[in-house]
Amino acid sequence: MTECFLPPTSSPSEHRRAEHGSGLTRTPSSEEISPTKFPELYRTGEPSPPHDILHEPPDIVSDDEKDHGKKKGKFKKKEKRTEGYVAFQEDSSGDEAESPSKMKRSKGIHVFKKPSFSKKKEKDFKIKEKPKEEKHKEEKHKEEKHKEKKCKDFTAADVVKQWKEKKKKKKPTQEPEVPQTDAPSLRPIFGAPFADAVERTMMYDGIRLPAVFRECVDYMEKHGMKCEGIYRVSGIKSKVDELKAAYDREESPNLEEYEPNTVASLLKQYLRDLPENLLTKELMPRFEEACGRTTEVEKVQEFQRLLRELPEYNHLLLSWLIVHMDHVIAKELETKMNIQNISIVLSPTVQISNRVLYVLFTHVQELFGTVLLKQVTRPLRWSNMATMPTLPETQAGIKEEIRRQEFLLNCLHRDLQGGIKDFSKEERLWEVQRILTALKRKLREAKRQECETKIAQEIASLSKEDVSKEETNENEEVINILLAQENEILTEQEELLAMEQFLRRQIASEKEEIDRLRAEIAEIQSRQHGRSETEEYSSDSESESEDEEELQIILEDLQRQNEELEIKNNHLNQAVHEEREAIVELRVQLRLLQMLRAKSEQQLQEEEEPERRGGTGPLPCEGVLEVRAAKEQAKPSPSKDRKETPI
């Protein structure tokens with residue numbers, strides 16, 4: 001195939017046309033435009049049929065572009081092609097605007113016909129304007145090329161800046177807003193008013209200080225007195241934030257797992273977040289004025305008077321803080337913290353000037369001599385159900401732990417009744433109830449053991465005396481203790497026997513129900529087996545596999561639901577068991593009270609009878625018989641007054 005291009009303006013054909021005159025045009029011969037004279041005008045290729053469709057002109061490639069042509073892709077070649085057409089259009093339009101003679105010459109070239117050319121190929125030489133879409137594409141390609149050149153010169157900072165600008169331009173998709181409910185949520189402890197924090201996290205011993213302050217001071221008294229630069233060296237921020245979040249959730253983290261500097265930073269953070277000054281805005285100027293007194297006695301007296309005017313919460317917190325810091329200063333050899341260092345650290349934290357802090361630290365005994373830092377005792381935990389926690393051994397320790405657990409139980413009930421839904425608090429509630437049940441049971445056992453030891457001691461002391469003295473001077477207190485113990489044991493035994501019979505009947509009914517259900521299952525399986533032998537299954541293997549998958553999914557779902565129900569059932573059974581024990585205990589106490597009441601009425605009647613008869617008292621030997629008769633009467637029979645314990 002032979003392709004034809006317009007010759008350049010400086011070609012020999014233009015010179016010939018200029019020599020022949022401007023008014024005449026002639027058709028050039030085949031020799032004048034032969035390929036040997038104009039090698040760039042024709043390009044030989046495969047021959048094409050004479051009436052072929054319209055072909056696009058090939059790309060015009062320069063020498064410089066040929067060197068780099070192998071490194072460029074299709075996109076670069078298309079750019080060159082479009083640029084070549086634009087240049088050709090601008091040159092031709094400019095020539096046409098300059099002189100009409102050139103237009104005529106160009107018409108002459110268009111009129112020229114060669115036998116191998118068709119009418120359709122003549123259209124390739126006509127200059128047409130490109131549509132708007134192609135112009136828009138060209139401009140877009142040029143902009144992209146310009147951006148690529150700029151991107152090569154970009155640094156990392158420029159790339160990050162450009163990415164941020166693109167991110168700002170993008171509008172975030174607006175998600176549908178969820179209607180907010182008015183459910184109460186826990187407010188943070190850090191930054192809360194001091195009185196509010198005290199009411200929410202006060203310890204069981206009644207000292208009106210927040211738990212975070214008490215526990216931090218207690219930890220620092222144990223582990224921070226040998227740490228160099230304590231309160232000056234900051235702790236790890238991530239751990240401090242972790243502890244802060246735990247206290248904001250009203251939890252009690254184990255500070256033993258953290259370093260002293262971390263706990264010290266937590267304490268400073270709490271003091272820094274207090275919404276009000278410890279010395280209050282009204283009294284702060286007066287404290288500053290008191291520092292300017294001439295004598296130390298006047299300073300101390302004025303400070304004592306101003307401290308009495310402080311609110312109760314502020315005075316208590318300030319006294320504990322100053323006494324604790326005085327302990328740190330006393331360990332200056334280990335901590336390397338003297339009055340000046342502590343004042344520099346504490347002044348911006350609590351917003352108190354160095355002058356006031358210096359007076360407080362130098363007169364601790366006169367101002368806070370009666371303050372004693374009481375150690376914190378954590379309530380007992382029972383997080384692992386597989387192991388039993390170590391309970392106190394003495395009655396005093398058990399009673400103290402019961403007070404702690406009851407205080408914690410009341411706090412949990414208050415939070416849950418306030419509408420705050422917290423699964424961890426619900427679990428802690430069950431845990432506290434289990435601990436209380438175990439503690440009360442152990443307290444009863446301790447009282448019983450103490451009573452038995454006391455009785456054994458009394459019996460041992462009485463065995464040394466004569467039999468006659470034992471009969472006449474028998475200790476009424478020991479008899480009463482024995483009777484009370486015997487009555488309590490017998491009544492408790494009766495209640496437990498009644499509960500045992502009730503549980504046995506319930507177990508028997510459950511076994512019958514299990515046997516009935518097993519029989520029904522066996523009958524259903526036999527029916528299905530017989531039906532499978534008589535029926536013919538014509539379903540495809542694909543439908544059977546799908547049914548099996550659906551049945552497997554349903555089975556897994558049912559198993560998961562069954563596990564959840566078993567867990568709930570275990571919790572309910574445990575709660576029912578604990579309630580039954582409490583009911584048995586109450587019934588025993590009720591029956592004991594009834595027995596004591598009947599015994600007191602009987603004694604009153606016996607005392608009234610001798611008075612009616614003339615004041616004749618019973619013989620000494622009759623006293624022993626009456627005591628033994630009272631023992632036999634106080635013993636309840638196992639078959640009498642037996643009641644079943646309902647669920």
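Note that Cβ sites are derived from N, Cα and C of the backbone, with glycine treated the same way.
Annotated features, as they stand in Swiss-Prot:
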| type | residues | note |
| --- | --- | --- |
| COMPBIAS | 24-33 | compositional bias 'Polar residues' |
| COMPBIAS | 52-68 | compositional bias 'Basic and acidic residues' |
| COMPBIAS | 69-79 | compositional bias 'Basic residues' |
| COMPBIAS | 102-118 | compositional bias 'Basic residues' |
| COMPBIAS | 119-151 | compositional bias 'Basic and acidic residues' |
| COMPBIAS | 535-550 | compositional bias 'Acidic residues' |
| COMPBIAS | 628-647 | compositional bias 'Basic and acidic residues' |
| MOD_RES | Thr2 | N-acetylthreonine |
| MOD_RES | Ser29 | phosphoserine |
| MOD_RES | Ser30 | phosphoserine |
| MOD_RES | Ser34 | phosphoserine |
| MOD_RES | Ser48 | phosphoserine |
| MOD_RES | Ser62 | phosphoserine |
| MOD_RES | Ser92 | phosphoserine |
| MOD_RES | Ser93 | phosphoserine |
| MOD_RES | Ser461 | phosphoserine |
| MOD_RES | Ser463 | phosphoserine |
| MOD_RES | Ser637 | phosphoserine |
| REGION | 1-151 | region 'Disordered' |
| REGION | 163-186 | region 'Disordered' |
| REGION | 500-647 | region 'Mediates interaction with REPS1 and REPS2' |
| REGION | 525-550 | region 'Disordered' |
| REGION | 601-647 | region 'Disordered' |
| SITE | Arg232 | site 'Arginine finger' |
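Residues near Arg232 (site 'Arginine finger') in space but far in sequence (CB under 8 A, at least 6 apart, same chain), listed by position: Met337, Asn341, Val345.
Across the region 'Mediates interaction with REPS1 and REPS2' (500-647), the model assigns an average pLDDT of 73.
Summarising the environment of Ser461 (phosphoserine), the number of other Cβ atoms within 10 Å of its Cβ, over all protein chains shown, is 11.
In the three-state DSSP assignment, the secondary structure recorded for Arg232 (site 'Arginine finger') is coil. Taken residue by residue with DSSP, Ser461 (phosphoserine) is part of a helix.
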